[in-house]
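Some features that Swiss-Prot has for this protein:
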BINDING   ASP509, ASP515  Mg(2+) binding site
COMPBIAS  750-759  compositional bias 'Basic residues'
DOMAIN    575-634  domain 'KH'
DOMAIN    646-718  domain 'S1 motif'
REGION    725-767  region 'Disordered'
Amino acid sequence: MEGVYSAEAVIDNGRFGTRTIRFETGRLARQATGSATAYLDDETMVLSATTVSKRPKEALDFFPLTVDVEERMYAAGRIPGSFFRREGRPSEDAILTCRLIDRPLRPSFQKGLRNEIQIVATVLALHPDHLYDVIAINAASMSTQLAGLPFSGPIGGVRVALVEGQWVAFPTHSELANATFDMVVAGRVLDNGDVAIMMVEAESTPHTLRLVAEGAIGPNEQTVAEGLEAAKPFIKVLCRAQQTVAEAAGKPPGEYPIFIDYQDDAYAAVEEAIHDELAAALTIADKQEREAELDRVKALVAEKLAEDFEGREKELAAAFRALTRKLVRERIVKDGVRIDGRGVKDIRSLTAEVNVIPRVHGSALFERGETQILGITTLNMLRMEQTIDTLNPERTKRYMHNYNFPPYSTGETGRVGAPKRREIGHGALAERALVPVLPSREEFPYAIRQVSEAIGSNGSTSMGSVCASTMSLMAAGVPLKDMVAGIAMGLIYEDGKYVTLTDILGAEDAYGDMDFKVAGTRDLITALQLDTKLDGIPAEVLASALQQARGARLAILDVMSEAINRPAEISPHAPRILTVKVPIDKIGEVIGPKGKMINSIQDETGAEITIEDDGTIYIGATDGPSAEAARDAINSIANPTMPEVGERYLGTVVKTTAFGAFVSLLPGKDGLLHISQIRKMHGGQRIENVEDVISIGEKIHVEVRDIDERGKLSLVPVEVIEAEAVAAPNGGESPNGAKKTDASGNGAKQPRRRRRTRSSSRSSENT
């Protein structure tokens, strides 16, 4: 087609086959500033459109970039499950993909750009075994590269998974089931041909610990470094294909005004006016005292320079920030001393405590310096797990991790309510760190909700959430396979020298060159997140940072272990859940016609019952006896002990007829009490209507007299048997007036078999 340009990137995964990523432009969304379509094996298709406002937002002091991901359910051949049957607010998967796109693209735009830029990636088609997020990264980069913006792309994004000892690019869901580590890496190609890693999002899989126990390669520090190197050739191929399309169809660079933060004279004036006061303020260890002094010094700038720089107040504020950044970095690189007086490898003071909130199922408080995280765990029936209506093949989510960041955590006012993208991203990171150590559904049949409350913040609340959540889960009785801790690392690069910082503060995050978060057990990395502002980080520097993070992680785990080192007993306030396995062909009997049987069991025991398609039944109740009563009732139906002749039961009359009454002995097992036996209960008198002497719901002790070849039960009242037994030795008469005799008619007493008495599980609950 005329005006349509395309290029392919072929990814060779050896014995795992090849993946073909095709970039195309000129066919769809032609009115956007830049548009591109990315295909994965011609089965998955993502359209990205980049648009730019005509005029800059001069009043803004930040870059107004917006990234949106639109999941269309038709991409998977489905209709949305909402009431209106159309897509609504973005799913968590879509929001996390927005963040994956934003993080490498935002620093690639020229600093000072103030035109609004919007990137919209729409998932148009999705193979059920594919993941669309990395395709969206490449599509967004391609459309932005074509738009003629001041953009230092292209950016290549690739997911690599460690499967059977090999790093596989663009793995499928089925391949990830056999992977021990999963990494999304984004970067760009430098002029020297090397690849600058700009963003990493990595995690162990739910199967990692099992696979490692079976002999697979575990995700340790060396493995992660190798994975980053393995991703670089794939990124090169992707960037080369994008560049081919951009050279053929890209718009010429447009003229966009660049707003610099300050002029040189403003910086020089600020430095001369308050250099010494600012340097002294930055040596104050306490955050609140330091910020109060910084506010005073900042006010001093306005006082001294306002007249000379009238109308340029924003420049003075920007120059003040730039000078602060310079002084913080100089002190770290030259003296090895940080803002709060620590060395580069020092961790702030740590505090760990469990059971800090009454009545909740599990709670913990983790403090690292001024960062303070509350972890709260709630357990419930599996039917309470989250139902997911997204393009992800997983339809339910058993472990739910929510992260809250209220404005008071930093001593500020602000909006509270629905979670922002940052909160969703931090919660997802903490969730990924913990999923590999969670017990399976079979081992622990509970839905688990974990909430992290960041009630105090000065750096790395997401990693603090991992620590607090680990302790909270163990306090709730969740049998974690191992304890997990997290640490945030930073990096300063000045004059060819790299300095790695352990346990960074919020200010060090803002003024540093890298934010590097690592979570894991003593032996394995379970989650990792990296964002860098540099063109690239040497492999040896990254490997050193990983080792430094491991030492800090082990120190934190030691403190956590002092608070709790093994799972506690499940809280008395948490529901008790039992599991019963029944044959699949018995599920219908347990449910009963129109749910009659299962509703009856739930009503009588107070338990909640969930039935899986494979015959697994989960029983939840507020106390153990109720759950056990429900389990006994289910077993009596699906795994019954058949009544035998001579056994006695406390039964319940469930039906009356002209010839007698049917008595329920066990759920689903009724027997006939013939009218002749009912007559004996009433002195042998004639009975016109059974309903006159016996009513539905009445309790009656009966004995199984006979079981015919069809399994039908004939019953006799225990009181009749006992009356006959008393009358027989004295030659007396039975209740119907006839003398009791043996088979020969001589009236001799016959030996009776030993009887056992049972009560029906349904009726015994009411006695």
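Glycine residues also receive a Cβ, built from the backbone N, Cα and C atoms like all the rest.
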Position of peak Cβ density within 10 Å, selected from the binding-site residues ASP509, ASP515: ASP515
Overall pLDDT for the domain 'KH' (575-634), taken as the rounded mean: 89
Conformational class of ASP509 (Mg(2+) binding site) under the three-state DSSP mapping: helix
Three-state composition of the domain 'KH' (575-634), taking helix and strand from DSSP: 32 helix, 16 strand, 12 coil
Counts by DSSP class (helix H/G/I, strand E/B, coil) across the domain 'S1 motif' (646-718): 11 helix, 37 strand, 25 coil
